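Here is what TrEMBL records for this protein:
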TRANSMEM  A:39-63  transmembrane segment
TRANSMEM  A:83-104  transmembrane segment
TRANSMEM  A:116-142  transmembrane segment
TRANSMEM  A:162-184  transmembrane segment
TRANSMEM  A:222-242  transmembrane segment
TRANSMEM  A:262-282  transmembrane segment
TRANSMEM  A:303-324  transmembrane segment
TRANSMEM  A:344-362  transmembrane segment
TRANSMEM  A:374-395  transmembrane segment
TRANSMEM  A:415-435  transmembrane segment
């Protein structure tokens, strides 16, 4: 292993000097093994208040009926399904990072996959709550499952995209959970080995008897690869099927064949934005700047430009096809989107999803942490509006003008949505406290080859091409976690 | 005996040890630790294993028994002695009449639950209007009184009431003061006789009839012109050309459902197929239902109505009455000249009607009708209509009499002047001076709460009675349920108080018929109870000529017109749902959208779009409306295309303060705007408007008024239709080849389909109420309608389009916004209900198969299976699915309808009520289809066309809805669907709807002019 050196042209994935395996473990386990700091408490209390709001709003809905929301005879879905699709979309980055990037041997995923996957799971949980709570009779939600039953020969309708959706979401959730937990095993064992008392007992159970011998590691690697293989199609399938909730309908604005790729791109777009939103804060608060570096941030920003542009092209294509189709209903649906009563939602979506991510073409912006953080939030605002535009503006004026109506949310609509964000952050903050937010074992793999200190040693060895070294040193300038004076003399 | 062996129980017994002998004396060989257990020490000892098991066993048994406490049992008591004709599950039908309309009352297990038109009524079977359909709910109104009221005692007995009233009457009699019976028009022969008997007993009695919405003007005009003080019988079916000046004859004018039936008989698909269609001009200021159906409608101001009639008269007769000019309305002027020409061409086949209650105006109308030969053909003075016989002047005089203290007793029968009299304040002040005040109201309403006695009357469904809507046409009222509360029929009360020999009203009615009516007809009482109606042979309608000088009339009309031509001209009118407000507590009617404005649960002030702009009002701005008499109310503005500029309209019947849970304080009372002038009530007046600064959102079921040029509405002119019956229907050329993803459904037996004739539908909305009653559709209230959540399974979409000079109809919102002149509005009404698509988009998306297709062409909805994802409603291109957002029948927020056990008796037991969270929609009255099939099966015969009728179809006066079996090529619906005019809404989606629509035809092109 030690004979293998990575090209100096590649930017380091771990920065800082005097990083040892022990230091990595110490750094990453700091939040798990110590009392939480004030920032965590503030965040947690705010998140918990949000979660409480969610409980209140959902209970109110269950008690009174869906009428507590602002829906009507024309607009049967609004904030509920908007929220559902938004969360499923956010949940997309996790699998993409953990599975697809693993298969493509993108080592930089090692620092961010754990949090991204956790985020996926929590986002899918939020989405799943919508699946149940938007139903008129949520206590019968299990009827959408093809369970043997005593109702005679009653079965589900396999023609219905909602049934496909149920399969897609549950499969995605199970596989993501499995993948995430498998990856956690060596790290849980690490915590176990360092913990005492009750904590040790708990982590002993959670670590499934991980011993760390060669055979275990070998199987671990094999399982990871297999799960990555299984997950990869899911990255495409979940949002494809979510998009079919709309695409298989007859409603102008929904009935669109471009939806599957467009939804998948949008999902990755919003997923990466959410990863950035979370990790930019976490890295600062938890002191993980050396492991989640500017390289990671920039890479994710690049994916955001790509997917954001795909989404932009999709928006324009929809318009073109509406015109090209010659269908007056289709044409009206799109003219109404951009100029009708919900024009502001449409232009909000356009600005946030298509125009603002283009700013990331500027290196200054995509390597600026505040700018990136703000843009990541802007992207998710835009993606929420995208779903709102698709759902509400298509429904509110469809075929028969007599039924055209407006949708006005109630406090319960807002409460369920804002509350679901609270639920998400509550879960995420708890996760930070009990499990390592970065895959310790996987990051350690990078230390000998892809860390700043390893590269500095190579440079000091002096066998490297001066031109390449200069380029490498220049590339380090953007890193906020690199002590630039070290390189001043080189 | 040796064989008598002895078996030992053990060695102890064999050996007979002392221990054994000792122990054998006891019942139990081993001592039981009873004492140990029972003393205190015993309780603290360790429980032996067996005891533990015993205790456990006992405990389990005891707990199990305790848990067997039965849940509360609701006992349903079967008929101990089964009434002969009641079979549970089988409805009984009784003939009766409602406001002179002959109806069939459907009862189930003794409960009246539905009103249907009486098929025996012959030419008088004209469907039912919304009021008749909704009237069953009035029976189950919780706001009614449960016992008669004597002064403040709400639990008075009839004996107390009788003693009090008789005592008072005797005193009045002795004092020689006047007794007055105030009622709305009475046409019942028996009631008239009762009043006559009462008058005989108390000779100072006078019967004063007054109607909140009066027709005195016509009656007096006929008296003046022809010496006959009657409301004529109008024959719209005999008129090829109809000209109406502000008469809403398809809606509220005299007898809407009857005129609708007559009118449509000249315009429906059958007549059109013969190449015929009547022609209808409407000149009016507010947009009425009739106006929306007119071929040509021109807005005129109220002050222009008189001059317009003079112009018409002059143009027809060539005379030169003064005042015949419309200087500010050239288009109306032009149209009237054209109308005059056409009227002269159609002499004897045309009819001019006017909605005014002004005697002079009606005299002029008589003159016009006489000039065009209407009498004897389209107007029949010899078989007059008896629905309205009120005399406005008599009621006005009553107030004076009361004020002078001449009246000592007053009885209110079916009248509520404290609410609907124009000068209600003067009336109530005068009423204070009357000693005995008796109301026969069923509730503490505005008038009865001022009375000493409320002798609560039966609902008509509990009562005996009769009606005589037209000369020679009689119908019976018979009870369909025992009186629910301690009420007594008003007529019976009057009989008791007048000490009549026959005090039982049933016997009285029967005697009256058997003595006075039946002999002339040669029928028996039992025959009457079966058929419900008897019509004597109508007299031949005579022709009448008009031969009076019109100078004074013209002068009076001119004066009226001048008086109106200032400020803003206000028309107060009856709205279709609320009429005169008598049924304001009926939630079905409150939630029935106005056919034109689609507003529910409120009245409003209607202003023309451009006019509102010039006044600086926007829609829903609350304005203060100040009448000439100083009466002021605040009402929201409704922008009403077609309203004449310079005028405003406000509906009567709202603003009741003491009617009940549903109707109290809904809207504002407009009766005080009515003025009393020239001997009649005048419904045109002037007001001033001022902004209040606040806004109020009206609850409308439809907020977008144009159809955006979409081919969901297809129309043609009559001229185009005559050239090509398929004009405008899109049935030209080869159809596109279509491809299906899905298999075709086999429909081996029946294929239930529907045809709707857009040319017949007037938009009146009685189908909506019929459907509500039949299918237990929840009423959701104003707030929920505002949230666009009304539950109606059938709705009537109303679209406006605008004519622009030399251009096609403008139908798109964007273009309409830029129009200068919005006066020429044409309207189309489209009933919209579940289309029962063969490739239903709702069916494929339901995850749990709660909505599926049947083998007879219906789209079923299994409520019990529905989990409420609402995808079906989203995916319905027609937006006809309705979601139960709340538990409407058991939620205190929806207290104006089913939230009590009494009102729940109105529910149709054949249709399940839906819980919250469940989708519902038109089921094509599947319970009726099943019932029809079962009847045919019991009678061992195949189903016949017409065996099964939908609730909406049955209620429709215009026969605009035709339902039947599409597999039967000879069925009426199959024939109708084969019409060249038939198209399917959104057929290009290939959802294969089962409801066909026939193009709207407008007879707008002048034939020769």
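Positions of Cβ are set from backbone N, Cα and C atoms, glycine also.
TrEMBL: automatically predicted annotations, no manual curation.
Small disclaimer: the values here were computed from a predicted structure and weren't measured.
Against the transmembrane segment (A:162-184), the recorded stretches A:83-104, A:262-282, A:303-324, A:344-362 differ in Cβ pairs under 8 Å, and the greatest number is found for A:83-104. Note: the stretches the transmembrane segment (A:116-142) and the transmembrane segment (A:303-324) are not in contact (fewer than 3 CB pairs below 8 A, sequence gap of 6 or more). Same-chain residues lying 6 or more positions outside the transmembrane segment (A:415-435) and placing a CB less than 8 Å from one of its CB atoms are 31-32, 36, 40, 43-44, 46-58, 60-61, 69, 79-80, 82-83, 87, 114, 118-119, 122-123, 125-126, 129-130, 133, 184, 187-188, 278, 282, 286. Counting residues 6+ beyond its ends, the transmembrane segment (A:344-362) has Cβ neighbours under 8 Å at 266, 269, 301-302, 304-305, 308-309, 311-312, 315, 337-338, 371-372, 375, 378-379, 381-383, 385-386, 388-389, 392-393 in the same chain. Counting only same-chain residues 6+ beyond the ends of the transmembrane segment (A:303-324), those with a CB under 8 A from a CB of the stretch are 256, 258, 261-262, 265-266, 268-269, 272-273, 276, 330-331, 333-334, 349-350, 353-354, 357-358, 360-361, 366, 375-376, 379, 386.
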